[in-house]
Every structure is written in C-alpha cells, then in structure tokens.
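Just below is one structure, and these are the notes that go with it.
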Amino acid sequence: MASQAANLWVLLGLGLAGILMLTKKLKKTVREDFGAFIDKLMLLPPPQPAPPKAPHPLTGLTFAVSDVFDITGYVTGFGHPDWVRTHEAASSTSPVVSTLVEGGATCVGKTVVDEFAFSISGENKHYDSPTNPAAPTRIPGGACSGAAVAVATNAVDFALGIDTVGGVRVPAGYCGVLGFKSSYGAISNTGIIPVSSSLDSVGWFARDPNTLRRVGHVLLQLPFATQRNPRQIILADDCFQLLKIPVDRITQVVTKSAEKLFGRQLLKHQNLETYFETKVPSLKEFARTKAIANTKVSTSRLLANVMQLLQRHEFLQNHGDWINTVKPAIDPVILSQVCENPELTNEETENLNAIRNETRVAIGSLLKDDGILVIPTLPAVPPKLGSKEITSEDYQNRASSLLSIASISGCCQVTVPLGHHEKCPISVSFIGRHGGDRFLLDTVQTMYPSLQEYSSIVTDPKSSKKAITKEESAEIAKEKGNQAFKEKLWQKAIGLYSEAIKLSDNNATYYSNRAAAYLELGGFLQAEEDCTKAITLDKKNVKAYLRRGTAREMLGDCKGAIEDFRYALVLEPNNKRASLSAERLRKFQ
C-alpha cells in the first residue's frame, strides 16, 4: 500500500507536463510497432571484406521476414498458434534469408501473416492484426500484412514475404509501399512453408525503388548488365474496368509518366479478355468440365477460378493431414474455402497445368523482352476493418481476376504506390514476362520518380485538371480508339473517337479516324460528313480525301469521288490508292 501511495505521489509530482510526456511515450511505442512483429531477433551479417574488395551490397540495411520463412532456433508459426504448438524449432535457416544476411543486411524480426498465409485481408483472429499505418481504420492486406506494415512504418528497410494469390502485392497496395512478386521458380522456396506449391513465389517490400532493386539483384543473383528501357507499355483496358475508383486517376499518371520518359509511341492498349480467349484454349475445357461452358464467364474470371482451385487443392495436399489430425480452430471464411475444394482427377490436373503454361506463353508473346503490362493492383481502396467487403463475392471476383494474371502465368509483378484516393493508398501494377525480373526492376527504378510526380493527379483532382488538359485526354481517347479499330471493334472505336471529338472538336484526325470506322460499318453518309469536317479543319489531310472519296463512291457520287481522289494525288502524287481509285472510276464515266 505504501509502495502504491509512493508511486501515486511520484506521478502527481510529475505534474501535467509529466503526464503528457508519459502519454506521448506510450503512443510512440504503439506507432513504432503497429503490431507488425511476432518475434524480435538479430541476425548479423559477416564482417566486410578487406579493401580493395567492394563492401557487401546490402550493407546498412535492416529487414524482417514473414513468419513462413525458417530461421534456426525459431518455430515458423504460419499464422496459427496450433501450428507453433505442434512443430519444432527450425534446424536451419531458409536460404533466402541467409542470402540476404550474407549480402550485408541485418534481420531484426519475424512478422505477422494471415492464418496459414491463405487470405488477402491481413486480419488474423489469433494475433492482434497489424495496423495499417497509411489508413488505420482499414485492413492492411495479406497474407504478409506484418511485413508490409514493418516497411511502411520505417521499422525496417525491406521485408520478405510469400506471394501465392497476392500475399505481397495486396498488402503493398493497401499500405502504400512497393511490393515485388518474383517470377515463379526464380528464387528457391526451400525453408519456406508451402501454401500452394505451383503458385508460391518469393516477394519483398521496400519504400523506394533503389532498395527494391538492390534486394532483387542479391536474391536473383543477377550479374551487372546495362539497364534497359521498355519499348512498349501496354495498358490492359478491360482490367481497368474492374476498378471502383476513377480509372483516369491511375491511367493518366502512367500515361503521362511514360510519355515524358519514353514518348507516346510506346503506349499501347490491349483487351486481355479477347487476347486470352484465343491464346489460352484450355480455358474452354476448364469451363466445360466445371459446367459453366454455356454461361457467359469472362476469361479473367475463369483464370481466377483456376487460381483459387489450385490454391485450395494444393493447400490441402500440403496440410490436409495435419488439419485432420490436430483439428485447429480455423477462420470460418478460410475453412469454407478449403472445404469447398473437390478432389481433382489426373485429367483435370493436366488441364490446369496446360492453362498455366498457355497463359505464361501468351503473356510472353504479348510482352516479348521489352514490354510491360499495366493493370490495377486491386479494384478499390482498402476495405474498412471488420467489414464484409473483402469477403463479398463481388470484391473477391474483381480482386482475384486481377491477381490471377501473374499468379497463373508465374510472371513477375510489382505494386507501385500512386498516392491516395479518399485518404486511402492506391497503386498500379506492372507485369513483366516470366524471367523478366531484372527488366521489371529496372523499369520501376526508371519510372518511379515521374510516377510520383504525376501521382498528384490522383491525390488532388484539381491538380489533375491542370496536369491533364482536354487535348491530352482527347489524345488518350483517340489512341484507345485506334486500338479498338485494330481489333475490328468498329462501334467501340466510333465511341472513343466521338469522346475525343467531344474533348477537342478542332482536330481533323479525330473526324477522319471516325470516318474510317463508319466506312467499315457501311455508314457512308456519316463517313462523308466526318471527312468534310476534317478537310475543313485541315486542307491537306490526305486520308480524309481518300475516305470521303470511298464514301462518295459507295453513295453513287462518282464525280465527287473522282475529285477527292484527284485532290489526294495533288497532295501525294505517288499515292497508289488514289491513283487506282481515280482510274477505276473514270472507266465508268
């Protein structure tokens, strides 16, 4: 009692200032940890080599590892206390961790993962879920929530994770840091608890692209090589339609950055839905066996189904016996997903493997050695803590459709933060071909500064209006129209060219291009009208004369058509199309 009174007297003696100091100290402790760590430890790097040898490449950096990586003397917890209770401490350290320590980095702890590293929410009922420092009332994302939080709070310079169905990409996007998923098989999974053996890829988080790249070079054991720039940057238009936030808030940032660094000619647009329909034929067999062949299901949704099926099937292959023996308390959402999984026949397994291989080849064919595919990382800002949004069918469908592209193909992918929307982090993702990890890391390092420069467009709508003029938005619409035209989507092309005209109605090219699409649909009167407008704006627009000549010919106005083709020849004397058309029509006069 005397001791308690003394303590009370000391506390009172501190006065108001002292109480405030104690409060601030407590708050500081909470902020520094944010519930990211399971264990604090210290793995020190070896001594530096003697000069003239260079110091270790990761000298001075600290890192944490998600609690799926083995470290000698520690039980790898796998996000569940019953797993800890029924397993021994690791007798060896994961080669991935050892490589980083030998490379000069200091490992300072193990971080929280979702239960069995299975979910993408970042919430774990067995441990206090890490707090998202970028949006404390929102989920941090999983599976490797603690690792992302540790990086976001500056507790470490980088952190290791495992990415199966988004385990690194998702928390990076939700916490506003960089997250890299390596190509499947590029880094050994030895000493890592498997989730889904055909999907698991090592990944890592960092706050800056230089650290992300340094870590990648050590883990991937990359020799020195000249840095290469992309020669094509492809925006997957249909993927951006899955967004619940304004599409332009992301696409315009990427577009402006690419134009500034490499020029507008590198930018392309692709509809992955139609591309995968022809390039991944085994998806049709998958749809047939799952009795959804007669239902209109997008190829991206089918890929998501394949990813989820593989994850559940292989998870049970790896851990089903342990679950049946120990009977641990499992989160109902995870339990329902695992229990949904039926046994796969050999034929079905072969079909799933064929889909993986075909998807990898398809993306490789699309990107080649110098292309980057741009997609949203996630469909929306982080859901609120405790909400059912993350488990809703709509959210899961959208998210897994985006995440399945790199998971199924085994390609490398990086999450790049792009500021905030409604006070929550948002991001974009770049995908490189399988094995193109170095190229993707180089591209991120090159583009990151300009992406952050233009991310003010995302953060502040007012700055968006200043940074992106109507004329520039019109050009973006025109380019999308050109892509639709190439894909023979004439009506879509007309809509996009019309959008460009609405934004900037004094550009002859927009009218001339729309006329070309009208010609394909037999809209000869509309084509003639558009060409006339184009010629009014630009008297030397050869294509407008050629297209109006064609429209007039189809409308029976041979005299007008001949005049147009002749004028085109005045502008371009060697134009074969104009010459042949004029000569042909003269014979009928």
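Glycine too: its Cβ is placed from the backbone N, Cα and C atoms.
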Is HIS80 annotated in Swiss-Prot on the same side of the membrane as PHE439?
yes
Checking feature assignment: transmembrane segment per Swiss-Prot, candidates 168-188, 399-419, 483-503, 504-524. Which range matches?
399-419
Residue distribution over DSSP helix, strand and coil in the repeat 'TPR 2' (508-541)
27 helix, 0 strand, 7 coil
Do you know the DSSP helix, strand and coil residue counts for the topological domain 'Cytoplasmic' (23-141)?
27 helix, 20 strand, 72 coil
